[in-house]
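Here is the structure we will look at.
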């Protein structure tokens, strides 16, 4: 892929521009940097509590617009541009149902810029300390946003505070979503995984251009939350990504999370939906692609709302095998990693969108019904789940709490721990955390029983309390929360610098060894050991073993990793 992107003609033209810069020079009122495709003119920003200005470059194209004949194809190189490109405006969102973002702003007390949507969306944003220039060789951190692979944007995250306080370069990038990012025909004509290939294109752009912004292409850390973390985990597993990054941080998401693979019957159902809505011939892949490429983006969005299997696939290229098999075979990129979860991943935000009635309390009958519906566990095995989670639990509140813990375990904690073990056993340095602090600013927008919910840590990682721009990520942070945020920014940046999050003035974060120590990120940071040991054993060993030995109609051999689950509410994109 890199040969296509490092086109000789583009390099020669870029060299001419560099020579011209020696006589012209940048304007004094805005930062200007060269890229291999042309010049970009950004703007400067400042953050609270720091004297270091930040150069901000928004909407830099890393690939050609995936329009018309490029729809459902690998991304192509971006085209050269003349003059200096304005990089002061946010790029458009990739096509999605933007109503989801609006609802998240209310529940999470955040604010995003007013952004339009477009199929032309393969852009990235860069936040660099103002002193950074060619030769600075600062660590680079590339952020992949979450959103269930259905929603999200690079431009709802502001990297200014992290760049200013920690002297690192932050890149936030976009990728195609939903049907645009994952449609596949099941053959060579459209193998799918376009979103992951977009991410490869962005990382290739970083390798070829980030030094002109002061970054070190040999020190690139990829990080993300939820679907973004799943992307990071997938990139670590993919042979196509080898050499494009050097460290990885996965916040509340890994590639073996159950819902990521849709069964064949659901794919077939979706093809019938496509045929009904668009009138396309679904029996011929070439004709189907030609038909879909001629449809409007609105028509495809309509399909997206009525289907459910636009997910990752083993394509033989990006994923040569199932993620669990790649982990088992130790054929992945063995690099330092941070993996973590929050202590109430399904406390409010995710269940509120799917079954809000459970939040007030539940009984065992309703809880088991929902477990069967959501997890597809056969009825004859539900008693095992009940014994594990509801034994000696009688009140509606106790049952609700156990049910929400169960969801968090299945979709986040257990996959995270299992992945960390595979990385550790492959010889790669691993650091594990559990984030435990519920933001004070959210106490009046969600129930009192909610602890650190899904995505709560993002505002701390990005230093949201120190931002001054039109992206509001952490309004009303307490002084203690600001201190925790500073510590988390330092941990993350130290890891990006050296592959080890530890440093002067920080509580020790032990590596994830056979003793399975992990860091408890709270106002008072401490060390824990063997996170959810019994629950991990139940889902990864006990239940699969009993199901495999049973004479009952066979269920999935490893329910944790092969459940056919599609939760459209999962992986909200917001901080």
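From the backbone N, Cα and C atoms, a Cβ is placed for every residue, glycine too.
Positions annotated as active site, acyl-ester intermediate by Swiss-Prot, on the basis of sequence analysis: 226. The active site, charge relay system annotation in Swiss-Prot covers 345, 454 and rests on similarity to another entry. Feature annotation from Swiss-Prot assigns disulfide bond to 94-121, 280-291; the stated evidence is similarity to another entry. The N-linked glycosylation site annotation in Swiss-Prot covers 82, 281, 363, 524, and the record cites sequence analysis as its basis. What Swiss-Prot records for 1-27 is signal peptide, and it gives sequence analysis as the kind of evidence.
Known features from Swiss-Prot, placed on the structure.
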residue : record                           : Cβ contacts under 8 Å, 6 or more apart
82      : N-linked glycosylation site      : 38
94      : disulfide bond                   : 117, 118, 119, 121, 152, 153, 174, 175, 176, 177, 180, 181
281     : N-linked glycosylation site      : 275, 287, 288, 291
345     : active site, charge relay system : 252, 407, 408, 411, 412, 413, 453, 454
363     : N-linked glycosylation site      : 396, 399
524     : N-linked glycosylation site      : none
Within 10 Å of the Cβ of residue 454 (active site, charge relay system), how many other Cβ atoms can be counted across all chains shown?
28
My understanding is the cutoff is Cβ-Cβ under 8 Å with a sequence separation of 6 or more in the same chain; which residues meet that for residue 280 (disulfide bond)?
274, 287, 288, 291, 292, 295
By a simple count of other Cβ atoms within 10 Å, which of 121, 291, the disulfide-bonded residues in the record, is least packed?
291
At a 10 Å cut-off from the C-beta of residue 226 (active site, acyl-ester intermediate), count the other C-beta atoms across all protein chains.
30
